[in-house]
Amino acid sequence: MSESTVISEHSGTVLKPGVSSNTIVASLNDIRKTYYMGALSVEVLHGISLDFYHGDYISIMGPSGCGKSTLMNILGCLDQPTTGKYFLGDEDTSLMEDDELSSIRGARLGFIFQSYNLIQQLNVLENIEMPLFYQGYSETDSHEIAMGLVQRVGLEDRVDHKPFELSGGQQQRVAIARALAVDPLIILADEPTGNLDTKSGAEILNLFDELHQQGKTLIMVTHSDELAERSQRWVRLRDGLVESDERRSA
Amino acid sequence: MNDAALNKPALSNPGSSQRRPQTGFNFVRFKKITQVGIKSIYSHGLRSLLTVLGIVIGVAAVIAMLAVSEGASFEAQQQFRDLGASNILLKSVKPAEVEESSNRGFGPPQAIVYGLTTADITAIRDSIPGITNVIASRIVKKNVWNLGYSINADVVGTAVDYPSSRNYNLRSGRFFSETEVRDHGNVVVLSDEVANALFPIDNPLGMTIKIDSDYYNIVGIMESEGFSNLGQNQAGSSNSASTRIFIPFTSSKSRFGETTTRQTAGGMERETVQLHEAIIQIDNQEAVIEIGEIIEQILKRRHKDVDYAIEVPLALLRQAEESALRDQIVAGAIAGISLLVGGIGIMNIMLASVTERTREIGIRRALGAKKKDIITQFLIEAVILSGVGGLIGVVLGIIIPFVISAVWGMTTIVTPMAPILAFSISALIGVVFGIYPSMRAADMDPVEALRHE
């Protein structure tokens, strides 16, 4: 339990483990997304409305081409909806300029990618520190936070290593630490175990469970039912619409 | 709604409550970006080196060529100082086609009569205001003896103002005096070189030398360095300027006469020259070039042949400056082309780097980097690249003039401005040619960039 203790210190949340509050951290309101290719236009999302609560652990599932990735990009403020509103916290992101989107990504979101997406020239510690610098944290503070997170993901003996010197599971743990650095409102994970073997994948999922226990809000995209099994809520998409939205009964 | 959860929850690690993100210019971010830039350049060592070669050559060329032209202009200045800023030099020159006999002058019929006359000088003096002094000289080539030692020297019969008019300095003793000029005195001032040739051991001061059948007392020694080589092709003088000795003008006239005889292949050649050289001093330096032109007009009217030469040191300096300017323009063009090529090289490599690092750009954007952060990152990298090139160029540019001086004996001067200027230009090139690739990096769609393999 020592690791969990550290997490709660870091997050400063006062929620009971495993229980989501009724505070809405993100809200999608009739989100539509149309891609234009010359004269051709394709609507990928046909009006999606979802509310995400603080402390939720959500799996977004569905077959390929259902709009998962597009939805994930919109949730991650990497892309904006064609129509509809997306509130992150109490801010309406659909009206934001590019710089504001960058700021909100850096301050409120944590990304975990299928292919880890660490920067190869930087070592473990520097990778974790990176989002903090874009937020303007001082060097000392960044270092302190990153060292804490490195310990939490169990890589304190690898701080000087470059990503290519680490295993896939270790790299993904660095990515998780990096996502936690700014203490985001939501952690977005896109097929986080897709490139990992079963054992490493299980370790990552255990880490997710721990984060959930600490009251973090996790949104995970996956098409694996096995992975989704761990979460508390399942949103299924089909053809750009919400097919089902279930919650684990208490 | 829970405000505490929505407003960025403060990281509540014990002991640091001050962890608020800062806004505005951030040195830490700048430092980190610079470190990344250096790493990226370092990881492509050879590629980076080849890229900056254009800048290196350009910067080195700017500095080296400026040093050479600076040296040339320094030499011109030196000569100018030696000859005197407000002087005009007149010289007698043997005309290309001379008439065998002349009805002018009073030499024997066969003698060639040419050159400047005292009447010329009087005419110039009378018609031009602002002439403060005219120092006329006669230069006769003679063998000069001290017992067994002898040297062929230019015996300059001149006035007492001669040394001061041309910035020649005495090494020891004195120049001859007005009284000695009036009295046609047998006194002589030797140049360093002549003194050394005739008196290898003894101190020549107070000794005598013999010219023709007369003995002259040595009263002073001149420094040789001040002698300008500009007086080379003048009448009666073929020796280098440093083998000159000086006697009073009056003595030269009464001892040697105005007609000299020279042994030539076809027999005897006799020539009559009144004055070999005249230094005209002007009170106003501004008017020197103009007065030089007026003197030329006067002499043209008075002389049938062009048996004189006019040298205006200031005009020579202007010429030297003009040619230095021409050099600098050529140097500037070469350096400019080289720097342009260097800049294009940097742009090319930066574009390649941006493409290679598309994924990294996507990651950074996802993690909160703004467009301007990405622009800064690549711009810094471009400036580091061109700056390193500039630095290598500065080092080479300082070494090359030394080599030029050592090998060709040219005067080169590296002014502190040249490296500073060249380096600044190289850094500027990094900015100019780095802007487009940086903007391209920043304008990438984060989603597309993250998808990039």
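Backbone N, Cα and C define each Cβ position, glycine as well.
The region 'Disordered' annotation in TrEMBL covers B:1-22.
Feature annotation from TrEMBL assigns domain 'MacB-like periplasmic core' to B:48-289.
Residues or ranges marked as transmembrane segment in TrEMBL: B:49-68 (among others).
As annotated by TrEMBL, transmembrane segment applies to B:329-354 (among others). Same-chain residues lying 6 or more positions outside the transmembrane segment (B:329-354) and placing a CB less than 8 Å from one of its CB atoms are 40, 47-48, 50-59, 61-62, 65-66, 68-69, 361, 378, 381-382, 385-386, 389, 422, 425-426, 429-430, 432-434, 436-438, 440-441.
Under the heading domain 'ABC3 transporter permease C-terminal', TrEMBL lists B:333-446.
For B:375-404 (among others), the entry in TrEMBL reads transmembrane segment.
According to TrEMBL, the transmembrane segment annotation covers B:416-436 (among others).
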| note | Residues in the domain 'ABC3 transporter permease C-terminal' (B:333-446) per DSSP class, helix first, strand next, coil last, are 98 helix, 0 strand, 16 coil
| Beyond the flanks of the transmembrane segment (B:375-404) by at least 6 residues, Cβ under 8 Å | 30, 33-34, 36-38, 40-41, 48, 51-64, 67-68, 71, 342-343, 346, 349-350, 353-354, 364, 369, 410, 412-414, 418-419, 422-423, 425-427, 429-431, 433-435, 437-439, 441-442
| field | Mean predicted confidence [pLDDT] for the domain 'MacB-like periplasmic core' (B:48-289) | value | 79
